[in-house]
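Worksheet: one structure, shown below.
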Amino acid sequence: RGLWGPIEDKIFYAVLVFSWTVYIWEAYLAYRQRKIYSATMHVPTELGKIMDSETFEKSRLYQLDKSNFGFWSGLYSEAEGTLILLLGGIPFLWKVSGILTARFGFGAEYEISQSLVFLMLATLFSALTGLPWSLYSTFVIEEKHGFNQQTVGFFLKDALKKFAVTQCILLPVTSLLLYIIKIGGDYFFIYAWLFTLVVSLILVTIYADYIAPLFDKFTPLPDGELKSAIESMSKSIYFPLTKIYVVEGSKRSSHSNAYFYGFFKNKRIVLFDTLLEDYSPLNKSGEKEPGTGEENEAAGNESKSKPKVRNKKQGCSNPEVLAVLGHELGHWKLGHTVKNIVISQMNSFLCFFLFAVLIGRKELFIAFGFHDTQPTLIGLMIIFQFIFSPYNELLSFCLTVLSRRFEFQADAFARNMGRSSELYSALIKLNKDNLGFPVADWLFSMWHYSHPPLLERLRALTGPKQD
Ligand SMILES: [Zn+2]
């Protein structure tokens, strides 16, 4: 077998070679970035005003740890994926699913039942092999740098809940999709695409109200200065705001954020409690690690009744929160959200169309060890994940570039609202609270950064106006 064998072998090895090419490219980029973390020992002069050397060193060590961890976890997952392919893990799991399906005698739609069992086993496998890595990342790395707020018990319960919720959505959606493909006739790809479109609209609609609250606590922002300021800002740009929530992000991590969601005239804003300078959660009865609250006394020697504060966090003042929201609402006003949805739906339509063209090719199945059967689910997996992978890489790069453009535009929007100095200081504070490292290798940031590097954003905020 090899790249010079029959067409099936060519397909199989081309997929493997491409996967390793991407892996090596990304490992090279990460290496370039790691060199910057190791070599930049002092705050660059340009940053002297916005970052003290203590925070700089903390963020440097945090990013270095994360990068090293990324190296090992990336190597592991690449090796695991390769072994699964080389050892025929997919046809093996398919056979096991067949045996289980026959044993427990599922209904008439035999292939669909087998597909669901396969999907359950595959997601279980990937959850279990990923678990040690996310445990390490949360309880060793994030813990060491003061971000982790969870106990192991909470983390495991959370992971179990996430797995169960995913299954509840994934299994019915997949079985319906397989059914549509089966009965759809020549134009099944149009129905399949419409179906995924409807499902994603439904999920977006119910996610915030019914799914996210299973994991986090959402409290309406209490009446006050901040609330009325947000309301009047929304009104000034005709943003149809209906509700403002604060989410207890601090229960899992102390990274901060803000976002909005909702369709048409029913938009809601969510603020992380960690973003707000003077907000303390109403419910403090939640999970608390017994006996570990004292270890960082130095960080919080004011005797306020705040829950354990690990990092010296500042959060943002009200005017800064408004500037951050000005940026977020800029994304809405400038149509970024709609543009992203249109791009992703066009992409999804194209993929289903190509899938329809390719699904009849037996050599694709033979390449991955399916000699006598061509199950639709396996076809979806092979084509969407393996055959499209060069296209997926290219698309994700283009989307990253686009996202950075959108970020600049949203910053400019907040600036035009007269909030540039508040956004300036908010960006610095958020970068500090999240221990972002302000120096980046140009190639690494071009490939990975969905947001422009901090310095570029600050420069654009203070520089001559664009457009
Ligand atoms: Zn943004």
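Including glycine, each Cβ sits where the backbone N, Cα and C put it.
Just one of E248, E393, E407 is listed by TrEMBL for the same Zn(2+) site as H327, H331, and that one is E407.
Using CA atoms as reference points, the recorded positions H327, E328, H331 were checked against D411 (active site, proton donor), and the closest is H327. Across 83-104, 116-141, 349-371, stretch 349-371 shows the highest tally of CB pairs under 8 A with the transmembrane segment (187-208).
Cβ atoms under 8 Å from those of the transmembrane segment (83-104) belong to residues 12, 15-16, 110, 113-115, 117-118, 121-122, 125, 368-370, 375, 378, 381 of the same chain, restricted to positions at least 6 beyond its ends. Looking only at other Cβ atoms within 10 Å, the busiest spot among the recorded positions E407, D411 turns out to be D411. Residues of the same chain lying 6 or more positions beyond the ends of the transmembrane segment (116-141) and with a Cβ under 8 Å from any Cβ of it are 62, 65-66, 69, 73, 76, 80, 93-94, 96-97, 100-101, 106, 148, 150, 152, 155, 159, 163, 166-167, 170-171, 174-175, 377. Cβ atoms within 8 Å of the centroid of the Cβ atoms of H327, H331, E407 (the Zn(2+) site) belong to the same-chain residues E328, G330, H336, F406, Q409, A410, D411, F413, A414, site residues excluded. Remark: of the binding-site residues H327, H331, the most isolated position is H331 (fewest other Cβ atoms within 10 Å of its Cβ).
The distance from the Cα of E407 (Zn(2+) binding site) to the Cα of E328 (active site) comes to 9 Å.
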